[in-house]
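Below is one structure; the comments refer to it alone.
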Ligand code: ATP
Ligand code: MG
């Protein structure tokens with residue numbers, strides 16, 4: 001029945017040069033989403049992207065597009081030749097399929113191709129009466145129809161489609177540049193990663209572990225999370241970095257109450273080095289204001305002072321329950337709640353300082369050989385490419 005899919009994007013939000021970048025990047029991402037189906041063709045017609053299915057069933061193809069950022073809506077399309085009888089026949093097939101013989105409909109016609117002999121109201125009239133004649137139990141309802149049958153007459157073909165499925169919105173991944181996201185095994189950072197991708201950021205993920213104190217199973221859990229995140233526009237590079245040595249140095253030389261903040265600062269320095277190497281322009285974290293002692297304003301400021309990059313915190317102002325809702329929706333929640341220790345929880349002080357001053361932190365950090373510890377951590381990283 002449906003042999004194409006028509007994709008609409010960012011009609012209202014982008015203009016000018018940005019728009020043409022967006023079109024190219026989205027077209028590339030849609031093509032990438034269909035790599036598993038080599039017969040699928042992706043192209044652009046005017047301000048739409050058209051997916052030609054060439055035999056691929058439409059349902060899985062529609063589901064695939066539910067995972068692509070930057071799409072405002074899409075429609076399964078039946079294609080007809082440029083001839084009013086062919087258009088009417090196709091419309092009847094679509095109406096029959098969608099209404100299963102009864103219900104109400106209306107026709108909305110557009111004629112992009114001004115050479116076509118009938119204008120839009122005439123096309124709508126012809127198609128409407130053909131459907132009524134063919135399906136005796138079907139009625140017209142212009143206000144609340146069960147089916148809006150859209151007919152779009154284009155240069156070389158006509159499209160008939162039954163609905164507009166809402167897309168994810170946001171921007172296509174890659175449109176906003178590249179960043180490094182800090183991914184723990186918790187609930188928050190996978191959601192932050194998803195939201196950053198939705199805003200068009202192309203991400204390298206970094207996870208810090210303290211093997212052998214954190215288990216291999218804990219690392220597997222992070223890889224599972226990345227596998228899930230990669231379904232939304234992957235593949236995703238994951239950099240695994242040991243902070244065992246850094247934690248041991250902090251434990252030996254620094255006040256207990258500042259441990260977590262000091263470790264975070266080291267994480268930021270390492271991530272910043274990675275960003276330099278990978279041309280990343282920002283760091284992304286899952287911090288949410290006030291959630292724990294290391295997420296007070298002074299703690300966040302102390303951590304941010306360790307990088308010169310923009311720090312993007314998509315969850316900064318969100319409530320935990322809303323974050324959990326998103327985690328469930330995107331499929332990361334069940335994996336995030338598996339009980340495996342993170343390097344931070346193993347190392348958490350009994351009484352963390354909630355209001356650390358920068359001078360105090362500088363003093364606490366003085367005994368650490370920061371530069372060498374960071375360089376060694378970066379050098380020992382293991383990189384995996386996960387998904388698709
Ligand atoms: P999450 O659920 O994302 O772990 P959280 O509420 O447990 O967040 P923290 O443990 O304080 O909060 O971590 C805050 C942020 O620091 C995380 O969202 C993540 O971006 C980063 N982070 C924490 N631990 C790690 C880790 N082991 N590897 C990489 N990033 C980490
Ligand atoms: Mg955590």
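Glycine is no exception: its Cβ is also placed from the backbone N, Cα and C atoms.
Unlike curated entries, TrEMBL annotations are predicted automatically.
The ATP site recorded in TrEMBL comprises 182, 183, 207, 208, 286, 295 together with one of 154, 259, 264, namely 264. The Cβ neighbour count for residue 264 (ATP binding site), using a 10 Å radius and every protein chain shown, is 23.
Least crowded of the binding-site residues (182, 183), judged by neighbouring Cβ atoms within 10 Å of its own Cβ: 182. Every protein chain considered, the tally of other Cβ atoms within 10 Å of the Cβ of residue 295 (ATP binding site) stands at 22.
Taken residue by residue with DSSP, residue 208 (ATP binding site) is part of a strand.
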